[in-house]
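Participant: Sharing a structure, written as structure tokens. Questions coming.
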Amino acid sequence: MLSLLILLLNLTNHAFGQNPAIKAILTNKGLQYGSHIGADWMQEKIGSVIIPDVRGGVDIGIGTVHYVLDGISVSGCDVPEPSVEFYEGVGLKAVISGLSISMSGNWHTRFGIITDGGSFDLAVFNVDVTSVVQIGSDPSGHISISSKNCDAKVGEASINFHGGASLIFQPFVSLFHHRIKAIIEERICPLVEEHVTDLERHLAEMQVSFKVNSALVLDVPLTNSPLVDSISLGLDLKGEFYSVQSHTDPPFKAEPFHLAEDKGHMLSLGLSEFTVNSASYAYFSAGLLQAQINDSMIPKTSPFRLNTTSFGPLIPQLPKLFPNMLMELQVYARDLPMFSFQADKLTMEFPGAVKAFAIQPNASRTPLFKLNVDSIFSGTIRISEEKLKGLVELSNFTLTLASSEVGTFQTAALEKFMKLGMKISVLAKLNAKLEEGIVLPTMHHIHLVNPALKIQQGFVSIASDLDVKSGEGESLSEGIYHYRLVRYGKVYKATVNM
């Protein structure tokens, strides 16, 4: 039942005092889906439980029969779907009613000098378990999960012995049924608490920084303690990118934003423009927003070549000063590119520059001129087929001469030419890629279902349902099943009421 919580919690830490740049809200609908998946998880876990030996003695009136039940294993289980709800200010409350388990093993008895043994089958019916899990934080700032309360009750049981003198021993079974029931009840909650502790240990060991690629690291610590109310669980994450070269904060702060809960979806996510701009700053500060362009990169079918002759109609003096020479362009961001999110639209301002060089016969470069190129791009994005798709347009393009080693020249014709090249080459390829879509990453085989993306003032929100798939791509939500308690072709029935 904690499957979706692992997605939201296993990569978090605390960074108090900062506005979050990423927000996540797990709704009650998402919690119920998690409990549905959790039933399958519990069924698998119960089937692999190692059950310790049971030892004791029974007074049968003429003496004490000492017994040992060993080699106990789970042969079947029926796990009803848990009832799970948010426990305001605490965490989660889960109730399982009517759990049934069948077990088999070996029995050994000793009465004085008489020993005996054989096999047994045990079925436990109508087991009720109530567990409250507290979600908080530990002193080091990691997310913490602990068992706050647990209660277990066993309703009915049936035990049958086989082999040895079991026909003689079976009539005395009712004398220690209560003992068996108490032992089972005593061991259910420690098992629950053990799994909660294992998850807590796993969360405490998780890192809060991820290397996205060779240039970027993403930090996603919590900025506040998890907020649990009666209908949802909310997480506030830092969501800041850094350069792998230096852990330097950008010269701007994350602004507060409000992510509304969408009760019709399992999960709501909010991503502020701070996160995107922190990635831009990391690239810019590391000097990675630049490129070298030479003639070999121009399509061979293009009539315009990157040489002084082709630039002649645009800069008349250039081919006269540097006749028939290849050129090279250094394109770079001269200042930090910034993204902004507005209602149904995103905008990026890119203050760029272009330095032009002539390539001498000895391969040395001679500076020619520098242009300031200020561009504003606008666009829309959407999610379709688990891919991010969109459309980008050039809203404004301004070119000015910053410096020149070849004398002054008019930039109007060059601006028109570069603007046209930007539209038919760069934007055309970018939009083709965006129409094809960028595959969204998945975590723990969790996929978004019917996601609704909306660009709002200062942030992007995504409301979505979820589907957890196995490694083979099968939807686990369609694979929930129940065991019948069958042994040797017979269905167990409760024969002893405890």
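Glycine residues also receive a Cβ, built from the backbone N, Cα and C atoms like all the rest.
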Participant: In TrEMBL, C150 is listed as disulfide-bonded to which of the following: C77, C189?
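Facilitator: Within the candidate set C77, C189, TrEMBL assigns the bond with C150 to C189.
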Participant: Run through the Cβ atoms and count how many others sit within 10 Å of the one on C150 (disulfide bond).
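Facilitator: Result for C150 (disulfide bond): 18 other Cβ atoms within 10 Å.
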Participant: By a simple count, how many Cβ atoms lie within 10 Å of the Cβ of C189 (disulfide bond), its own Cβ left out?
Facilitator: 17
